[in-house]
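Notes for the one structure printed next.
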Amino acid sequence: MAATCSLLASFLLCFALLSAVSFAADPFVSYDFRVSYLTASPLGVPQQVIAVNGQFPGPLLNATTNYNVVVNVFNHLDEPLLLTWPGIQMRRNSWQDGVLGTNCPIPPRWNFTYQFQVKDQIGSFFYSPSLNFQRASGGFGPIVINNRDIIPIPFPQPDGELIFIIGDWYTQDHKALRRALDSGKELGMPDGVLINGKGPYKYNSSVPDGIDYLTFHVEPGKTYRIRVHNVGISTSLNFRIQNHSLLLVETEGHYTSQANFTDFDVHVGQSYSFLVTMDQDATSDYYIVASARFVNETVWQRVTGVAILHYSNSKGPVSGPLPVPKTDVSSPWSAMSQPKTIRQNTSASGARPNPQGSFHYGQINITNTYILRSLPPTIINGALRATLNGISFVNPSTPVRLADRNKVKGAYKLDFPDRPFNRPLRLDRSMINATYKGFIQVVFQNNDTKIQSFHVDGYSFFVVGMDFGIWSEDKKGSYNNWDAISRSTIEVYPGGWTAVLISLDNVGVWNIRVENLDRWYLGEETYMRITNPEEDGKTEMDPPDNVLYCGALKNLQKEQHHSAATSILNGHLKLMLLMVLLASVFRFC
């Protein structure tokens, strides 16, 4: 009996220790996100916004390199919901990406738990809804991934941090805006710009009385890290703080060569970090401004967000006109001067100890080139649609990898053209069949009339070139093959192109889309399907235990009667029960 007990106890102890090691390898952070409607008046007009945990914008998701993140999302809306995490690479785990090509929507009154690791990442990002134009009503919030203690940041530790979530805003909610697009109308000029969910300070008589604005309190002489995210619908915004320099240090997970700017253009879907030193006198407060860019700024004057920077020893309120952007965009060529100065800090360590410049991307042979051309929206099959390479994407009813795993035929096509052709525009479920371990060049050619931001899920890419005109092979001679910035969202100017290089080392299905919400809603997107023909469980995770089913697989979905548990949380519970059982065995023996 004693020998049996000893053997059983030894087995259970070994199993428990192995389980503990597997769970303790990297820490966990857990969040509950309750997504619901909230009545607010950010521009003085009562309207329905989308809040997370009663907050608009939503709460900060704060993690550190390699942490496991668990986000339990409760959908209290009256329509399906998905949250996506632009820039978070979801290594081997496109099941958590939160777009229709990878996930079934969370039905109303249901919840779903996202579970992912921020593997080898640092930096500034945000989360937002990906369905039904919901981002136009909110549901967004910031993400910060901190360096591990053993990896130094390439600048002195700031005295504090400030987060700015900026974006254009309409006083109509997302459903009304969606109906306008569905009826074939363009949205027109926004009603304003919000800074952290608040309207503009009354800097002149054009701003209505009674609008709630933000004041940021700072200490003189201190240096703050300023994280700026443009979560808006379609408007590029110029960000500036009156009389203060912006020292650019990071964008979307990579440290930049440090450069000072008086003002900075932040395009839709982009995130940046700056260091700002409070080195001005305190005779008065200072304006913080986010204003529409690359438009007729006189006509678009109302599309301006204004907050206040308040020194603790300030002697009075700010007054007078707003500071104007000093960065010249009067000609197309000058408009590109700022983004071309954004380069990688090749000597800094990012998420790993090795310098960011140790990956010599400029010496790798390109295996495939994809030229993705956008056009102005047009009518296809009686509806207003937007296209890439003449195809307006229609999301499959069954997510791609679920269809693959369950042998669903005809869910999508792998025939997306690698360049634009002179063919009739069409609706289709056409996707890129990309090669695992390939090294591809993607050229975004913007033949639309507006500046656009393009994003690739699951990856960062090297921004090697941009120019006006039509891209051709000889343009590669002008590429930056040494210190191009690596990021996940890049602007493309109307009548111009931007070229990026991507190393395809992340198996899964990954969305390529325009971040301008109106164009995205109208179909300007596609997906890359990347599979490993020698898959052995090491390059792609299995579907999570709580996967949702829809489309051709909807009969597999069970009714949800309680909180959707995650495998991690279940694992912790099982480990706890195992330890209790082990204690009982020792006591019995």
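Backbone N, Cα and C atoms are what each Cβ position is placed from, and that goes for glycine too.
Straight from Swiss-Prot, the features:
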{"type": "SIGNAL", "residues": "1-24", "note": "signal peptide"}
{"type": "CARBOHYD", "residues": "N62", "note": "N-linked glycosylation site"}
{"type": "CARBOHYD", "residues": "N111", "note": "N-linked glycosylation site"}
{"type": "CARBOHYD", "residues": "N204", "note": "N-linked glycosylation site"}
{"type": "CARBOHYD", "residues": "N243", "note": "N-linked glycosylation site"}
{"type": "CARBOHYD", "residues": "N260", "note": "N-linked glycosylation site"}
{"type": "CARBOHYD", "residues": "N296", "note": "N-linked glycosylation site"}
{"type": "REGION", "residues": "322-356", "note": "region 'Disordered'"}
{"type": "COMPBIAS", "residues": "328-349", "note": "compositional bias 'Polar residues'"}
{"type": "CARBOHYD", "residues": "N345", "note": "N-linked glycosylation site"}
{"type": "CARBOHYD", "residues": "N365", "note": "N-linked glycosylation site"}
{"type": "CARBOHYD", "residues": "N433", "note": "N-linked glycosylation site"}
{"type": "CARBOHYD", "residues": "N447", "note": "N-linked glycosylation site"}
{"type": "BINDING", "residues": "H455", "note": "Cu cation binding site"}
{"type": "LIPID", "residues": "S563", "note": "GPI-anchor amidated serine"}
When distances run from the Cα of N296 (N-linked glycosylation site) to each of the recorded positions N345, N433, H455, the nearest one: H455
For N447 (N-linked glycosylation site), the one of N62, N111, N260, N345, N365 that lies nearest, given that the glycosylation sites are compared by Cα: N365
H455 (Cu cation binding site) and N433 (N-linked glycosylation site), distance between Cα atoms, whole Å: 18
C-alpha spacing of N365 (N-linked glycosylation site) relative to N345 (N-linked glycosylation site), in angstrom: 23
Nearest of the recorded positions (N111, N204, N260, N365, H455) to N243 (N-linked glycosylation site), judged by Cα-Cα distance: N260
Where N447 (N-linked glycosylation site) falls in three-state DSSP terms: coil
Fewest-neighbour residue among glycosylation sites, criterion Cβ within 10 Å, set N111, N365, N433: N365
Cα separation, N111 (N-linked glycosylation site) to N260 (N-linked glycosylation site) (Å, whole number): 44
Coarse DSSP state, helix versus strand versus coil, of N243 (N-linked glycosylation site): coil
Spatial neighbours of H455 (Cu cation binding site) that are distant in sequence (at least 6 apart) but have CB under 8 A: P86, G269, S488, T489, N511, I512, R513, V514, E515
Residue pair N204 (N-linked glycosylation site), N62 (N-linked glycosylation site) - Cα distance, angstrom, rounded: 37
Assigned element (helix, strand, coil) containing N296 (N-linked glycosylation site), judged by DSSP: coil
Residue pair N62 (N-linked glycosylation site), N111 (N-linked glycosylation site) - Cα distance, angstrom, rounded: 21
Integer Cα-Cα distance in angstrom, N365 (N-linked glycosylation site) to N111 (N-linked glycosylation site): 45
Residue counts (helix, strand, coil, in that order) that DSSP gives for the region 'Disordered' (322-356): 9 helix, 4 strand, 22 coil
